[in-house]
Structures are given as structure tokens and as C-alpha cells.
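This report concerns only the one structure given below.
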Amino acid sequence: MEDNKDIIIDSDSAVEDVYGEDGGTEDQLITPWTVSLASGYTLLRDPKFNKGLAFQERERDAHYLRGLLPPVVITQELQEKKLIHNIRQYQLPLQKYMAIMDLEARNERLFYKLLIDNVEELLPIVYTPTVGEACQKYGCIFKHPQGLYISLKEKGKIFEVLKNWPERTIQVIVVTDGERILGLGDLGCQGMGIPVGKLALYTALGGVSPSACLPITIDVGTNNEQLLKDEFYIGLRQKRATGQEYDELLEEFMSAVKKNYGEKVVIQFEDFANHNAFKLLSKYSTSHLVFNDDIQGTASVVLAGIIAALKLTGGSLAEQRFVFLGAGEAGTGIAELIALEMSKQTKAPLEETRKKIWLVDSKGLIVSSRRDSLQEYKKPWAHEHEPIGDLLSAVKSIKPTVLIGSSGVGKAFTKEVIEAMASFNERPLIMALSNPTLQSECTAEEAYTWSKGRAIFASGSPFDPVEYEGKKFVPGQSNNAYIFPGFGLGLVLSGAIRVHDEMLLAASKALAGQVTQENYEKGMIFPPFSIIRKISAHIAADVAAKAYELGLATHLPRPKNLVKYAESCMYNPVYRSYH
């Protein structure tokens, strides 16, 4: 035995230590994997191809699966039935989130089948509001890495890091730096839950192939003291890098993405802090196919809700007056798209249509006397008016027809504010958009009760239907998931090279066009999520049509029927048969 270091004897049996794992010391290097060209065991552990008990008899023979599975063969439908039953047994949304994400790591097609077939039930789990809690606790619930983590440690090597990702053809990247996760603030590296969740929806709702999606978190540190002290925190333990160091890392990242994947890869910026979000969108919109969901996606879905609501309130868009609580990415993004659509409809200059829109930030109404102290992106909204310090006074003075909350401040729409809206509008439109639910400016019940059932209400996070004086009201969810999956699909199938505001307007109108008379009768200004793939196909078709019209599309010739083409391009999660 002296001469053979690869054999060790244990007291019960002789075991060949092929890799030197047992006989080795911590200083010796071992090979962490082996390649088996025909291993059923490996197939069962590959989420892309695993079918679990749904492998057919001939597949079990052909792929060395005999004995590795129990003898029963079941359908994908039965697997799905069992899983949704099991998920419903959990009491806490976070437990459901963890169970669903475990499924994604085991069986990709079954994960997407489950999500598509139960979208209304599971959307609040994989997306807002539960994804927010998942990000807060990401270090504790972390089991296996998803996506790419690019930190300051990778500076100068980002192109090589991208090469570590196993898929070569990427169509959509969702990237965050974790500084402003929903309304929860700086969650650093733990913001990865957002790109992972968004890309799950790109596939489930928009039909983009999961292998073409890449979630990325850029870790430049965090200013969240609680996380820096948390022993389970998974990111860099340092304060956020800013200025030149930050800019250089982002520049290297954007260049590496274009070099590796070409200029037709969609790069969706997600949950960056205001100062970086506007700067990055402005800087890269002329050189890359970039889209900021917080600024542009939110704007597009809210504009769709407003266009649809006009069927209930009457009047044109240009006749409305708007007050926003919140003047960050979402607020200014929505305001700009509304002003742009007004300008298109009335042929009035943008400077004029902006004057119909008033923004309130933490210091009060944004007015011209504050211009010198305002951030650049707020300046277009500084109109002539005496200073007003609070929302209620602003609402009473301006008398808006539409009140929009994007402040991240829960309960900011008080009883007095809603009653004021109802006093000068027959059907006030109230949109409480902040996420997650606790950050919502008011609840559906409050909006309907305080307006005596006259409000048209939509929120960012979901609320249950409300009974008021014998009538059932179904609140709308102004959820970006209506827009970005179809929008991204439209960019991909047209081979667009840039995003244009006209595409956002096209997406808004396509979404508003899917609201039926039956929806309106229930007070809904958004269609049900149960038909989201149909909605996404129509949005994709209209976005693609606009790309062709503007000369920004590269996939030629243009398909004759873009809706049918979009549907035919969508990922189908039904199991494939293996040779």
C-alpha cells in the first residue's frame, strides 16, 4: 500500500479514491469535476433537459436512466398538478418563492409551464411584492448562484467573465447595481433577485427563450450598514464606489457586452438609483440597445392605463391635469411620456404639454422659484406657481383629474387627499404605483371607500377586489410586467438596434387596446394577466412595426403578419422528446 497513494483502506471496505479527495490534504489540488459523455445521472441534474418522472420508457433506455428513476411514467400535466398543490400548502409567500426557484434549478420547462398556466396566482410570488422580501433575505436563502456577478474585483476582466457564462447567444440582459431595489433602498449584491425575476417573466410572459436571457448584478459595494454587518451577506463588504471608479466599471461592462454579444442584445437597466439611472440611459441610448424599465417601462404601462381610463372618464388626454407625488425615475419618466403623447395628439410643443403636469417631491410642489436647487431631470417640471409645501394643498390648488403616486411613501394618499380628488372629479383616476404593498400610497379599499365608489384605481402591487355598497370593484395593477416582456420580444424579433420613444407609445396603445368592454364594466383599466401572452404578442408586433417604420430593424424582410410571427417565436415549455 505504501507505493499506491490513490488507494485508501477504511475499516469496513476497500474504496478506490480516484480523485485523491479522501487521501489528499488541503494543500493538494483535486479535479472538481469529470466529464461523462453518456450519463443519465448528469441528465437528471441538468435543469434544461431534466423531465423527472416524465421521461418515457424508450428515453430511459436510450439515455442510461434505468434504475435512476422509480418505474412510474407520468405526464407533465400531472407533475404540474402536484407542484401547484404543494406550493399552495405553504403559508408564507417567501416559502412559495423558494419552492418555485428550487423548481427552476431542477426542471426549467416545468418551472415555465407552471408559471404560464398559473400566472395570476404566481406572479406576485416571483415578482413584486414577494421578490422584494426575497432580495432583503437573499443572503439567508441563497442556495445556488443564478446569473453573473460582476464586482469591482473583476475590473479589467469583464469580457473574460462574460465568457464564463455557458450560453453564447444572448438576446436580453437585465442588469442592476442593487442601489434602489423597489421601494426598499440599497440591497447591494442581494438585488440579484430582481434580474432573475424579470427574466423569468421575459420567458413566461414574453416568450423569450430562457437560454437567451442573462441576469447580471454589478456589485460596487453597498451603503446599507445592516448588510455590511450581516455575516450572511453575499456581496462586497465596502461602501459603494462612485464617480470615476463606478463610471469606468460600467463603461467596461457595456463595451464587453457589445463586443461579446453584438449590438442587438437588449440591455435592460433595473433598479439603479436616480442619479445613475438617468445618466446611464442618456449616455448609452445612442450606442447600445438600452431600456430602463423603471423610467420607460413604468411610463409605458401607466400611459396605457390612462388611455384606457379615458373611456370611463370621457375627454381627451390633453384635457387632463396631472399631479404626481414622487419626482424620481418613475415619476419623471411617466410625466415625460404623457407629455410626449399629448404633444403628438395636439401638435403642441412639448414645453406646452408639460405644463399640464405637476410634480410634488419631498420639498413640496416643484415650481420655477426652486429651479436653481433642482436636479437636472426635475427642471422641465418647474412651472410658474406659488410655492406649496404639501400634497393636499397642491391637489386643492391644481385640481387634477389624475393623481399618480411614485414616491415609495406608504399611506401618502390620505383620506383628505382622496376626498379632495372626488370633490372636483366625477371619476377621479388614482394610481398608487409604489412597490411593494406596504409602500403603496393607498390601498384599493381606501381609494374606493373614501371616493364613495367613484374612483378609478390602479396600483403597482396587486390588491384583491373590493366590495363597496353592494358593488364589486376590481382594482387594476399597473404592473411593468404588462409591457417589458412584449416590448423586449418586439426588439428581439425585429432585430432592433436602438430604442425610440415612439416604440414606448406604440406599446402603451397596444396594451390599452387589449382592455375589453367587460373589463371596463368592472372598473378595470388593464386587461387580466390570464391573457398576458396574447397581450405580449400584440405589444411585440406593434413595437416591431415601429422599429421597421423608423428604419431601426435589421431582421429583413419584414414578416407579413407580425402578431402571428411574434406568437410563433414564443418559447413553449412543453417537454420535447429525446432521441
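A Cβ is built for glycine as well, from the same backbone N, Cα and C atoms used for every other residue.
What TrEMBL lists as active site, proton acceptor is K198. Taking a C-beta cut-off of under 8 Å and a sequence gap of six or more, K198 (active site, proton acceptor) has these contacts in its own chain: Y127, V174, P215, Q268, E270, D293, F484.
There are 24 other CB atoms within 10 A of the CB of R180 ((S)-malate binding site), with all protein chains counted. Under the heading (S)-malate binding site, TrEMBL lists R180, N435, N479.
As annotated by TrEMBL, divalent metal cation binding site applies to E270, D271, D294. With a 10 A radius on its CB, E270 (divalent metal cation binding site) counts 29 other CB atoms from all the protein chains.
The domain 'Malic enzyme N-terminal' annotation in TrEMBL covers 104-285.
TrEMBL lists 295-548 with the feature domain 'Malic enzyme NAD-binding'.
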**OP:** Fill in the CA-CA distance, D294 (divalent metal cation binding site) to R180 ((S)-malate binding site), as an integer in Å.
**Re:** 10
**OP:** Take every residue in the domain 'Malic enzyme NAD-binding' (295-548), average their pLDDT values, and give the whole-number result.
**Re:** 96
Original post:
How many other Cβ atoms are found within 10 Å of the Cβ atom of D271 (divalent metal cation binding site), counting all protein chains shown?
Top reply: 26
Original post:
In whole Å, how far is D271 (divalent metal cation binding site) from R180 ((S)-malate binding site) when you measure between their Cα atoms?
Top reply: 5
